[in-house]
Each structure stands twice: as structure tokens, then as C-alpha cells.
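Undergrad: Here it is: the structure, laid out below.
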Amino acid sequence: MSPFLLNFFPKYTAPEAFEARERLVDVLKGCIADTHDDDEGDQVNVISRKRRDISTKHSLSGDYLGRSELELLNGLLSNTVPAVFWMLAHTLAGSFFGSIKEEVGRSVQAEGNRLQFDIGQVRAQCPTLVATYQESLRLYASSARAYKVVQDFELMDGCLLKKGSLVYVPTETIHRNPKNWGPDVLEFKPERWMKSEYDHHPGSYAPFGVGSSICPGRHFVFDMILGSLVVLLYSLDIELAPGTAVGVPKTRLKVMSGVRLPVHDLDVVLKRKTLGEYNSERAKWAF
Ligand code: HEM
């Protein structure tokens, strides 16, 4: 993957990854081009269809569309899926699980087996769930941003950044720095985010980067991850399998953009839920 990311004649320096990318682009291109809004049982999601419509309106090519779909998948798979994993793992292992279940229960409107929630209300009325999201990204987001210095600049500690040099800012180093977060920096503590005032250095948290290249998917992913947790925790009784522990893994600084992957699987016990009239097997979520 690293030679591929360097993008130095990737066809020759990383042929396998290059071929795989081109194959995926072809599949996505074909799949989206063949879709029509009225297709019976259409498998292409609404977001992709809307993106196709916008691209067509602006005369963007099919190839562009295939590549931008792949970018979306990359954002989802390399960041969002592991972020959901960590959030769920710490929710199940933490002393705040009861509060989260209670917040989720309050957010869902159920009419028999038809369920729905307003994501705006989840954001505003589930402080423990939101804090768990923020704390998961603090501990596990591990991107590395690069900036070019456009003029000589002296930092407060006297370090000189020379014009033309590259400054590399690994998120983990900032997110796991005891100077920013205190001696318990490696502990998973959602309560850091539940104080009335944010009392950390403003630059101490940037899971989505900063400035003009900040992640454009950050609001979308916030809703998507909170929504996934609401559906999972409402629909199922989930608990960690006996003897399963969730710890914060040691830092392994990687020059990669993404959310850290777990080293081990997590064993959980899942049961479908029945609450009065509600039976998760027959439940239909309306989004
Ligand atoms: C937990 C989930 C996610 C995290 C932690 C994350 C983090 C990041 C980071 C750190 C960057 C680089 C910012 C910089 O260079 O300053 C980035 C860029 C980007 N992200 Fe995300 N991201 C996530 C989810 C997503 C999703 C779901 C999408 C797509 C819908 C997405 C689309 C993008 C795109 C297109 C860029 C490139 C922006 C540019 O270069 O101008 N991300 N993301």
C-alpha cells in the first residue's frame, strides 16, 4: 500500500494495488451507469444515485464518477467501519453503557414494528453517545497531514520552520499527548467531552484534519455512525462474551490515513430483542 500511496508510477511500483483499483473503478462505473430510479429492487443506494445525477448535470465523465465512488468507499471502509467497531466495543465495555441504552431508547419512536429516529435529536439529546464517538476518534483516528511551509516561521519554542519544507502532523501524537489531555490520556473516558466547557487546547483534537483540506465527509459520518449505533443497540441485546476485555492498544505510529484497526476480533453475545409489541425480527426501520 505504501508505494501505491506515494503515487510514483504506481502501475509499475505497486502493480497489484493499481490493477485492483482500476478493476473496482470499472465495476462501480458500470454499476452506477446502469441504474435507473425506477429499477425494481435497485441495489444502488440513494447517495450514489444522487451523486450520479449531479455528475451527469455537470457533464462529468463516467470514469470520474467511478473514481469518486471509490473514494467514498475508501472513506467508509478505512475510517467509518473501524470507528463503529471501537465505539461499540467501548460502549459494551464501559460503565456508561446503561446511560447510552437509555438515551437510545428515548430517541427511537416506535409504532408497533415500525421504527424511526430523528438524527438531529440524537445529536442533541444523546450526550453520552456523542461523547463516546468523540472519545473513540480521539484514541483511534490516526491520519497524518502534510503541510508545505510557504515562508520562514519561528514557533514559540524557537524551532524554525524553513520556507519550502514539509511539516508532517500525525493526529495520534496530538490526540495521545498527556500535555493536551492529562496523565490519563490513554484511558477511554467519554466524560472528557461532557463538561460544560471545552477545556483543552483548540488544536488538540483534529480527527478530520483542519483547514481547506478538512474531511468533507465529517458531518455525514457523524450522523451515519450515531445512526448505526442507535439501530444496533435498539434492535439487539448485545454484550461482551464472558472473559472479553477491551483495552486501548499501544501506540503504533503508522504513516497511513485512517482509523486504527483492531488487532483482535471482539467476541460478543447477540440476542434479538422483544419489547412489548416490538419484535426486532419483524421491525422495519424508516430512514
Ligand atoms: C470516521 C470517519 C472519517 C475520518 C476519521 C476521516 C478523516 C479524514 C482526514 C483526516 C482527512 C484528511 C484531512 C486533511 O488532509 O487535512 C480526510 C479527507 C477526506 N475524507 Fe474523510 N474521514 C472519515 C470519513 C469520511 C467519509 C465517510 C467520506 C466520504 C463520504 C470521507 C471523504 C473524504 C474526502 C473526499 C477527503 C479528501 C478531502 C480533500 O483532500 O480535500 N471521509 N478524511
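Any Cβ shown, glycine's included, is placed from N, Cα and C.
Because TrEMBL annotations are produced automatically, they should be read as predictions rather than curated entries.
Found this in TrEMBL, in case it helps:
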BINDING   Cys215  heme binding site
Undergrad: Does DSSP put the residue listed as 'heme binding site' in a helix, in a strand, or in coil?
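TA: DSSP assigns the residue listed as 'heme binding site' to coil.
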Undergrad: Is it possible to get the count of other C-beta atoms within 10 angstroms of the C-beta of the residue listed as 'heme binding site'?
TA: 18
